[in-house]
Amino acid sequence: MGRGQKRGWGGGGGRGGGRGTDEWKQDKRNKGGFQQQQPQTQRPEYRNAAFEEYYRAQEVVPEGEWEAFLATLRRPLPVTFRINGSGKFADHLRDKLTTDFFAKLGGEELTVDGERVVPPRPLPWYPNGYAWQLEFSRNQLRKLPLLGAIHEFVKHANDAGSISRQEAVSMVPPLFLDVQPQHRVLDMCAAPGSKTFQLLEALHAGSTAGQSPAGYVVANDADFKRCNLLTHQTKRVCSPCLLVVNHDAARLPSRLYRPAEPGSANHGVRGSDSRLDVRFDRILADVPCSGDGTMRKSPDIWRKWSIVGGNSLHACQLRIALHGAKLLEVGGRMVYSTCTFNPVEDEAVVAELLLRCEGALELVDVGDCLPELRRMPGKHTWKVKDRNRFYSSWSEACGDGYKLLESMFSSPAKQALPLERCMRFLPHHGDTGGFFVAVLRKVSELPSASAPTKEAEAEAEEEDAGGDDAAAAAAEAAAAGAVDGDGGEADGGDEAAAAAEAKEEDAADGGEAGPMEGVEGEAEGEAGPSKAEAARGIDAARAAAEAGVAAAEAAVVAFEKGDYEAAKRALAEAEAASRRAALAAGQEPRKSKAERQKEQFAERQMKSAAKQAEQNARAQAKARAAAPKRGAEGGEGAEGGEGEEEAGPSSIAQVSWIRGGGGRGRPVGGKYAWIDPVAPMEDEAVLTSLYDYYGMSTDFPLRSQLIMRSMDRTPKRLYFVSRSVLDLMLADGREALKVISTGLKVFERQVIRDQVNECPYRLAQEGLPLVLPYITRQRVELTAPVLLQLLRHRNLLLPAAAEEEAKEADATTPAGNPKGTKPTLTDPAVLAALEPLKMGCVVAELRAEDARALGFALPSRHTAAAAAAAVDKAAAAAQDGAEAGDVTGGLAANAPLAVVAWKGKASLAIMVERSECEQMIDKLSAELEKQPGAAPAAAAGATA
Ligand SMILES: C[S@@+](CC[C@H](N)C(=O)[O-])C[C@H]1O[C@@H](n2cnc3c(N)ncnc32)[C@H](O)[C@@H]1O
């Protein structure tokens, strides 16, 4: 496809430099992820002399390939996607795409208006043929119905979570990380979460429904809003093993402290807290970068590119990488990646990291892995340029260079490192974007890390005990400001402030000088205030921010009392203090992140107070009303039950621990008061009703691993967290971790007004694969045709109600059909099985016999002990290098076919999103059609 042509499913049109942010914008603009290319006349000219001069000089492109490199960069990016999960369903999707669609396109010779249709191709290096590349022009899409059908299919699959659209080279770093189910994994710069998704999939590989792997993934991003996006994007993995946190990656807590239990001999004794050194087996440092490898997707970078972007991010990237090295377990693996070609952000960071770690970290030779993935070896020498000229060495630049750091330069010591083991992916080699990946292994403790001094430890405890959340908030605001809204360029002042505070954190963290030393100093020396100035700024920032937090807490108290005027005054005070904190931290007097968060928090409090008052009034009115009202019955209508919470001060839950925010109902406001809390569900009445109603085996750890994200006694949703994630949160008694989200939604509150409500919670479809094996009641098995019928119609009348309907239905339609007759459940075996079940939530699942015949996962029933044993077995097998099984559990895509449904008086209705239903319909009917002698009608399911 030539430069002037429009691509039907192209990237393009993105604003700004950062790939992460740009991916986010694309996702927001176009849910299906397939956007139309802008007409060429609206495009900027794809030239940038500074870019060309810089990269010609760096010699990152092999001799003779420069024109091909530039030409490819100027073309839009083909669409690439990967199939989520693995095992039968993933294979089914791949095979369907191949046989039903791609094969029908024929070979190379297909043309539309003389333009060749590029055949879809699997990415040859991606395992199992699960990743594909498509490249159709808009004209082709319009004129060739089959391409339109492919477009629709892929769009639906994307919506339903069966595939993920992701840039080809962005799929690479997780593949080199080699995550196994027992690993503690950290994704340092995770939003919007496409790689976190892959990491979670790898963690769950080999587990079956009902199992949680022993490991976990901590996904971090400095940007609060993007953390929410990350939470949303990774929801589809349905994992209880994910913890999303919001920190500057270079300041992620490396130690957690757990106070002695109340009642124990040491309770309240200073210094008696137990300490957990936070370490990870796998770390992905996919750092913020100048993003010029994404030019094909974000052509704006052609216009914006300048040398400043990469140079100003180098120190931040190095700080993140160094902190990653510190958090890495000995024997563990870390992948450092960027989407830039720039050696200053790539090899320079890796080389400096290796030198500072003095042999504790080494580059892994992955030359044998993914041999079909073409790559260029890393470079040993490169040049550094400031706004004036190129320099070949630090000695040449140290007097004259503008805002340059020694760590940016190559040196004889760096040249001796095996930097050729780094990998650079060039766009014209695989028709992709550009990327850089280095795979590192920690072979010993970092220098000086193993023996922090006594003073440093005492200092660290002092610092932690002080609970300087305000300073942390100010620092995080500064750190987050280091990347502009479009995900790329550092702002010198913010960067320096963040760096200064990072230094403070390092001291508090045990004074591990060694490899960390100098990064911040250099950044300060060149780009920001002096150390003394920075320290004074921090003190002032801390004082102001503490005042801000106190005022915000006063605002919360006032809101809770209903004194809105006092609350507004306190909020104004909090805002002013927050502005002072930002100024003192060396930021521009624009609104800081902390300010915005506090404002949003206050706004939420205001809304929640108003809602509470309204609910109170409603509850009172309801109590006064004598006559029972007819309630919603089943199906989507029943979801209205969510608003049925009682209100008032008595509705605040009393729990044994809280992490994160707390807000309303939390006596001291909580460290991160503006974030939803994480607290255990400890209401015995609710727990008992869950166990009883669903007949859950008592070894399923609802009592310890069910959490809520609000302090209401009747929270709307209940989430299940894996033991490993829970342990991490419990170890964090001082709330060093700023938890944004965790847990897999397993129950949702559901109250039906005219029905005795035996259990106030229905199951949530996303948590079903996890809990179903432990459920012994309220399950009904359906034959494949009946399940298909239910999925298609969503609501099936029960016979008695159907008779009523029929009586009411007068005469017939003009076509002679009975008027008003709705799809009805008539299968006697299913009706008999449904009969003894209580009204309310039920699980409708494909019966074992049909599942076996059609090759689906069997409905499973097992105990927690058996699941734990299976997890251990899988972990041991993984450690021995055995292949993971072909079933990936914890992922809805590979669970047995089952849906959350509602048995009402008149009908059986399912409570599953339409797009998910469509995927199930597709899978089920495809398998039914394959059955010998299957009539198309049978495959289509009964329609009456
Ligand atoms: C390249 S994007 C990450 C893309 C992501 N790994 C993915 O595959 O979806 C870089 C991310 O780093 C975040 N970020 C920037 N500075 C950071 C810092 N100091 N600490 C942690 N995250 C940071 C940005 O908000 C952005 O989301």
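Positions of Cβ are set from backbone N, Cα and C atoms, glycine also.
Database features, via TrEMBL:
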type: ACT_SITE; residues: CYS339; note: active site, nucleophile
type: BINDING; residues: CYS189, ALA190, ALA191, PRO192, GLY193, SER194, LYS195, ASP221, ASP248, ASP286; note: S-adenosyl-L-methionine binding site
type: COMPBIAS; residues: 7-19; note: compositional bias 'Gly residues'
type: COMPBIAS; residues: 20-30; note: compositional bias 'Basic and acidic residues'
type: COMPBIAS; residues: 458-467; note: compositional bias 'Acidic residues'
type: COMPBIAS; residues: 468-483; note: compositional bias 'Low complexity'
type: COMPBIAS; residues: 588-606; note: compositional bias 'Basic and acidic residues'
type: COMPBIAS; residues: 609-629; note: compositional bias 'Low complexity'
type: DOMAIN; residues: 69-443; note: domain 'SAM-dependent MTase RsmB/NOP-type'
type: REGION; residues: 1-45; note: region 'Disordered'
type: REGION; residues: 447-534; note: region 'Disordered'
type: REGION; residues: 582-661; note: region 'Disordered'
type: REGION; residues: 804-823; note: region 'Disordered'
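Here the features listed in TrEMBL are placed on the structure.
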residue: CYS189; record: S-adenosyl-L-methionine binding site; DSSP class: coil
residue: LYS195; record: S-adenosyl-L-methionine binding site; DSSP class: helix
residue: ASP248; record: S-adenosyl-L-methionine binding site; DSSP class: coil
residue: CYS339; record: active site, nucleophile; DSSP class: coil
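Its own atom aside, the Cβ of CYS339 (active site, nucleophile) has 28 Cβ atoms within 10 angstroms in the protein chains shown.
Of the residues the record lists as binding S-adenosyl-L-methionine, namely CYS189, ALA190, ALA191, PRO192, GLY193, SER194, LYS195, ASP221, ASP248, ASP286, the two whose Cα atoms sit farthest apart are 19 Å from each other. When the binding-site residues CYS189, GLY193, ASP248 are ranked by how far their Cα is from the Cα of CYS339 (active site, nucleophile), CYS189 comes first. Mean pLDDT across the domain 'SAM-dependent MTase RsmB/NOP-type' (69-443) comes to 92 in this model. Long-range neighbours of GLY193 (S-adenosyl-L-methionine binding site) (same chain, six or more residues apart, CB within less than 8 Å of its CB): ALA219, LEU229, LEU230, THR231, GLN233, THR234. The local packing around ALA191 (S-adenosyl-L-methionine binding site), expressed as other Cβ atoms within 10 Å of its Cβ over all shown chains, amounts to 30. Compared over the binding-site residues CYS189, LYS195, ASP248, the count of CB atoms lying within 10 A of a residue's CB peaks at ASP248.
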